[in-house]
Every structure is written in C-alpha cells, then in structure tokens.
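Comments concern the structure below.
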Amino acid sequence: MAESVELPSRLAILPFRNKVLLPGAIIRIRCTSPSSVKLVEQELWQREEKGLIGVLPVRDAAEGTSIGSVLSQGVATDSGERTPKSPLATSDTHKLDGKNQPEVQWHTRGVAARALHLSRGVEKPSGRVTYIVVLEGLCRFSVQELSVRGTYHIAKISRLDMTKPEMDLAEQDPDLISLSRQFKATAMELISVLEQKQKTIGRTKVLLDTVPVHRLADIFVASFEISFEEQLSMLDSVDLKVRLSKATELVDRHLQSIRVAEKITQKVEGQLSKSQKEFLLRQQMRAIKEELGDNDDDEDDMAALERKMQSAGMPPNVWKHAHRELRRLKKMQPQQPGYSSSRAYLELLADLPWQNASEERELNLKAAKECLDSDHYGLAKVKQRIIEYLAVRKLKPDARGPVLCFVGPPGVGKTSLASSIAAALGRKFIRISLGGVKDEADIRGHRRTYIGSMPGRLVEGIKRVGVSNPVMLLDEIDKTGSDVRGDPASALLEVLDPEQNKTFNDHYLNVPFDLSKVIFIATANRAQPIPPPLLDRMEVIELPGYTPEEKLRIAMRHLIPRVLDQHGLRSEFLQIPESMVKLVIQNYTREAGVRSLERNLAALARAAAVRVAEQEQTLPLSNDVHQMSTSLLDTRIAEGAAEVEMEVIPMGVNNHEISNALRSSSALVVDEAMVEKVLGPPRFDDRETAERVTTPGVSVGLVWTTFGGEVQFVEASTMAGKGELHLTGQLGDVIKESAQIALTWVRARAADLKLVAAGNINLMDGQDIHIHFPAGAVPKDGPSAGVTLVTSLVSLLSQQRVRPDTAMTGEMTLRGLVLPVGGIKDKVLAAHRYGIKRVIIPERNFKDLVEVPATVLSSLEILLVKRVEDVLEHAFSTGCPWRQHSKL
C-alpha cells in the first residue's frame, strides 16, 4: 500500500514529457537519452534493492506561458490556498543554456514510483545502451528544490498524500462517504456496460471491493484517454473530495461516450439489409459524421477533383468522356472494387498537360553551337546536323522535323547530345529506357479491365515532366524484344510517325493524346536489330569512336574536371599531365568511347583522395575549437524525457586553416610509377600485333562490333588428317561459309601460287587444316573476314609470314573479287588504336574514308584492292613472287 511507503527527503527525477503517472498506475518506459540512462543505471540497475525515483511531468514551454512566471506564482491547493514561494521558484538550474534550445516547464508535483521490472539492451550498430523500465506509481509529492547531479536531476520533496491515521480520520467525513458511494456506483455501471464486450472485466470488480476508494479514483482515471491538462488536474487533486469528484465526472463521461457509440451502432444496424452488410464500416463512419455534423469530406474531395479536371484544359471530346466517368464515380461507394481504379484514372486525366507547354526561348544558333562545342569534343558531322535541325526549328517552329536516331558504340555521347538539344531549345528533357522491354503495354499501356493496369511509359513520362512538348529520349531502341505479350517496336511505329502521333491512343487512357509536339530522339548501339519499318521513320546519325587524340582532349577538358569534382578534389591536390593521360589511353583502354578511360582516371583520383584524407587527419585543430562545457551538456539533457535522443552539437572547426594547410602541401603529380601501381601492369601493348604475327598462318583482320571497331587475329594450322577443315571460335554461319570459300579459292589456285608441286592437284592430301578465331567466348559472324582467311591460309601453306603492321578487311567471292563491307570508319580507327600502320580495304570503300579524321589518315597507309591477288601482294613483305604464275 502506498501509505506504508517511506519516502526519502530527496529523489532522483525522471522527466515525463506531456504525460502523467498517477498513483496505482503501471507504465512501461523505454529510456534512450543519456540522462535517463544514467539515472536508471545509478538509481535502479546498480542497486541490489530497487530504490524509488520520482516521475515529474514536463511540458514544452511553447505550450504555456514562460517558465519563470509559472513557477514564481506557486501552485494553488485544492482548498484554494496558495503555497508560498519555494527555492524551486527562483532556481534556474532546470533551464537550458543556449539561445536556440527549447525550454520546458517542470510541474511542481509528481509521483514517487518503484521499478517492477528492468531490462537492459544495446542498439546496433551504434552500441548505445537503453533500458526498459516498468514503473508503478506510489504516492504524490511536492518539489521543494530542484538541483543537478551529474547528468540528471535530484529534487528535495515533501509528501502530499495522507498518512494512515489521517486517512482513517478523513473517512469518517459524511461528504467523503457520499462521494465514495457515488463514484463506486458510476464505476459499477461502467463495468456492467463493458462486461458485455470484455471477458476480463471481472478483475476490475474485485478492485472495487479490495482497493481503497481514493486509490480506485487514480487507477480508473489512469486507464482513460484524457488530455494532459486533465491528467495534471487529477495529479494536483490532493484533497480526497476534489479527487473523487473529478474521477466521478471522468468515469461518467467515459460511460456516456460508450452509450453514444452503442446508439450509433444500433442505428446503423437497423438500416442495413442483407445486401448492404458489406458496407457496415462505411455506414458506421457516416453515422459518426452525422453525430458530429461533419459529413462533407467526400463531397469536398470530389469537388476538388472536378475543379482540377476543369482547369486541365482537356479537349471537348476528352472532357465529355471524363465528365461521364466522374458522374459514375460520384455514384459509387469508396469500398466498391472499381472505385480506386476509376479515381486513379480521373486523377491521371487531370494531371496530364493537355495545354501546358514550356515556352521555347528564341533560338540562337551561335549560342547552340558554342553549347555543343563546350559539352562535346569532335563529332563535327553530328553537330552540323543538329545545327541544321535547330535552324529549321527557328525558321518554322511548328515544323514536324525528323526523328533523330544516334547510332554508335557505348560511351561516345549519344545521351548527352540529346540533353544538349533540349537545353538549346529550352525544353524539358525526359529519358525513357527501352532496353529489355518486351511488352507492348510498356508503350501503349494496359487496358483498364486488368488488375493493376497502368498507362504506358510515354504517357507516364509526359505526366511526370508536366509539359506537352518535352524532348523525349528513347534510349536503347535497338534492345527491344518481342514475345507473346506483343512487339514494342511495332507499337513505336505510331509514336514516331508524325501523321499518327497527334492522335496517339494509349490503352489505359482510351482517349487520343497529342504527341506531335514532342521531339523524339532515339539512341542505339546498332541499326541492324531495329525493324526496317521503324528504322524508316528515323534519320540515322552515326557516332563513331574517338581517336586517341580526341580522347586526350576529352579527358583534359571534361573527364578530369568531372572526376576531381566527384571525388572532392581540386587541381591543387591532384595533377594528371597529358603524357600520363596518353599512357592510360594507349596501355589501359582500347574502346570506341571514353567510359573505361573515365573509370581509370577515377581510380587515380581515389588514390589521391586517400593521401589528402590522411593529411587532413594529421592536421592540428586551431585554438578556436573549444571543448563542450559540462554545464551545457547537463542543462541540455534536462529537456529530454524518456523518449528524447541526445543531439550532436557541431563544433566550429576552422575549415579555412585546414584548406590552407592542405594547399601548402605539395600537389600529387601522377607519374608512370603511380599509374602502374594503381592501375596495374599495362593491359595492351603496341607490340602485341608484331608478337602474334611471328609465325606463318597468322593474319590480322578488322571487324565491327557494337562497341566499335576491333582487331581480330586469324590463326591457321595444319596437321595430319583426312583433308578436313576445322573451324573454332564460336563462329556464325556466314563466317563459316567465308572460310569454306577462302579454302576453295586457295585449293583451286594452289599450283599457280606454287603451294603444291605441279603434278599434285590435291592440296589437302593427308592433312587437315584448323582455323581458329581467338577470344573463343565472343560470338563472331559476318563476311568481312574473307580476305583475312585467304591471307592466313596462303601464309600457312607457303610458310611466309604476314607483315605485322598490316591489317585488312573485305568480303571475297569464289572468283577472287573483293567486295565492299561496312563499318570502315570504325575499323580504321581500331587499326589506329592498335598501332597498325597499313590497312587493306576494298577499292569500292574508298568513299567511306571521307568520314575518317584527317589526323588518322595521315598516320596510316590505306591500300585499296580489287582482287584477292592484290591483297596477297600487299600482305607479305616480299611481295607476291608467284603473282606472275596466277591465272587471273
């Protein structure tokens, strides 16, 4: 019993923010703030016998008047008297230091509590200690003086509850006896009502007979959901008569609220028929709103949606359809299956930019050209086509220009070119990735009859960007697939056709939407996978790979500044000379684009960042950095209740001094030793071709891939056998046929080429030939390796080595003609990257050399050929001594 508890003169105080613990009530608190954790450790956890603590309500100062005015007035007693001023009223130890810290109000009355259960835990990964404490309220006390011990507060207290002799005397008061009977009668009536709903309510009946009535008042009120002010009023009710009166009033109010709820339930159930039982919850909500007089939320929501639809600027036919759908929605109940889908559909119609378009700035071709030059190096032909496109837009803004399709290997700037066009036009830019898309619904949307239906990516993107005339990038348009769900490439035919996209019909919208104002730009790595009808709707602009000189300029102008910025560095910390960039380009990257180059530069930047970070850690702090005072820490913790976390106070480190100290240290200049240490040994070598073409039977070809041009070695070898041809290297059907054609041509001219004796007509007699294309894991196909295969076979059978500085490409016929092939520019650039000096190409590909940069052509010897004999003449260092014997 609380009357038998002996209270000490001082108690450790646990602040309880905006809540009150009443005597007889049991609460569970999770202590996380440093002050409350320290209090529990010292006052409860470390003691063999669990001690007592005081729980004192606190509130934010903003919720009431200022702290000084409240505490200086004292607290009125239940009898109307006012307690005299105590040391608490003038003490400032409870106030927080710091101008920006929130202040709290300490209530002058609290409850002594004892711990029924303690549990200790450690949060991961921070390692912070927390406690869970179950407290039982015992009796009221008054705070006489509040002081600080370490990180928590100690209060000098005086007991407020009556002692047992005083309680026995007070119970003889007739008024108190009458109030007790009235309280018990109201409580019994409440228990009788709750007994029909809760089976465990019988335990409460036992309390009415065993617990003193003044304790029952606190226990009952503690179980109700009442305001903080009412809880404080109950805590301040020291006089038993006042306490019982307030408790009786609260119990009666709770009883009436239960009866009103039952009345509403009965009223609703009486109105329901068998077909309406599924709407029980909604009818209950309506009845509650009727009782409160607040039943117009749904109507306001619908009115707001209708106003939004009216202001969207829909065309008349679309508005007619949308208004009909809105009328249908108003007749539906929110719990009906189609309600949410209909509402989502109308919200999409209201969000689409039917008339909203971004205003185009006046086109300045000179500024647009400067913007392209600053963002992209090289690509003169591509830039010129973009300027032509912008010039037409300037002369005729409503012109329906072609759909540009940038085709090129990865990393050459296709996506960034599209964003530059949007910036030049002053339009918003949106990117839609089509890589791996196999469902037609991704383009046209799902029909609304399906569960989880949604609009297509185009409509969703336009909704997200908020204007009807953005620049829309269809990225990786060559990576779309097709299956049983449809063909996205076929769905794009309507999107990219200027005559059809003005009435584009998304399956989800089911109304026409105008896409003619959108500027579409597509990107692809290859044009071959794109279906011909779709390719016919686009103007293909090829973006070849960069030369080493262009990569060097791109690295110095764009990549290095971007890499330094991404890694928090400046040029004072890291310097990468041009010679080192050239070294990285030649020995560590062989690609058409610059992504691998950027990754290698980023690796060098990370190595420099480690050094800079280590220097920053060793710098001494300036004298302006002071330690945090303990008084600030103590008073800062005072505001935290059981759920308040410790905040980190930032210290004013002098960043200027650190920056100066770092700047004073020598900048890290990348040299060859650092490049090899960070990037490893060189991955490529200019001597690779010469080393691999050291034996007869090896020739160097040029091929085209999705990543640009590449050098392809062809190796041939003979062995004893039955005259068979073996091909390896994961080859396609076309390249296998090219190998068979090459072997047939060599066998037909073996005697003329002095590969066999004059009387021997069977070149393959007693031997097999094995042709291998290295990099066996990479698929290979195409006809352009024909001349390379012939050269390899002739080199093998004649035991003459092919010149190591020569590479070749071209398709051959069975009669020995060399036919033109594609990708000449990429192939020539690949030969230049590999350090090859001579390139053999078909004569009919001479026109394609116009696209090759002049700097590349000046460093290469281009050899044009018509027949295979011309190829052999240029491929061997000794020429073709047997040419005079061949029959042309």
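Quick reminder: no glycine exception, Cβ is built from N, Cα and C everywhere.
Features as listed in TrEMBL:
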type	residues	note
DOMAIN	11-255	domain 'Lon N-terminal'
REGION	70-102	region 'Disordered'
BINDING	G408, P409, P410, G411, V412, G413, K414, T415	ATP binding site
DOMAIN	693-878	domain 'Lon proteolytic'
ACT_SITE	S784	active site
ACT_SITE	K827	active site
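Mapped onto this structure are the features recorded in TrEMBL.
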residue : record           : Cβ neighbours (10 Å)
G408    : ATP binding site : 26
P409    : ATP binding site : 23
P410    : ATP binding site : 16
G411    : ATP binding site : 18
V412    : ATP binding site : 27
G413    : ATP binding site : 23
K414    : ATP binding site : 25
T415    : ATP binding site : 16
S784    : active site      : 28
K827    : active site      : 29
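If you take the Cα of K414 (ATP binding site) and the Cα of K827 (active site), they are about 20 angstrom apart, rounded to a whole number. Note: the ATP site is recorded as G408, P409, P410, G411, V412, G413, K414, T415; in the same chain, F406, T523, N525, L543, A592, G593 also have Cβ atoms within 8 Å of that site's Cβ centroid.
You'll find the Cα of V412 (ATP binding site) roughly 24 Å from the Cα of S784 (active site).
S784 (active site) and K827 (active site) have their C-alpha atoms 11 Å apart, to the nearest angstrom.
For the pair K827 (active site) and P409 (ATP binding site), the Cα-Cα distance reads 13 Å. Summarising model confidence by region, the domain 'Lon N-terminal' (11-255) averages a pLDDT of 73.
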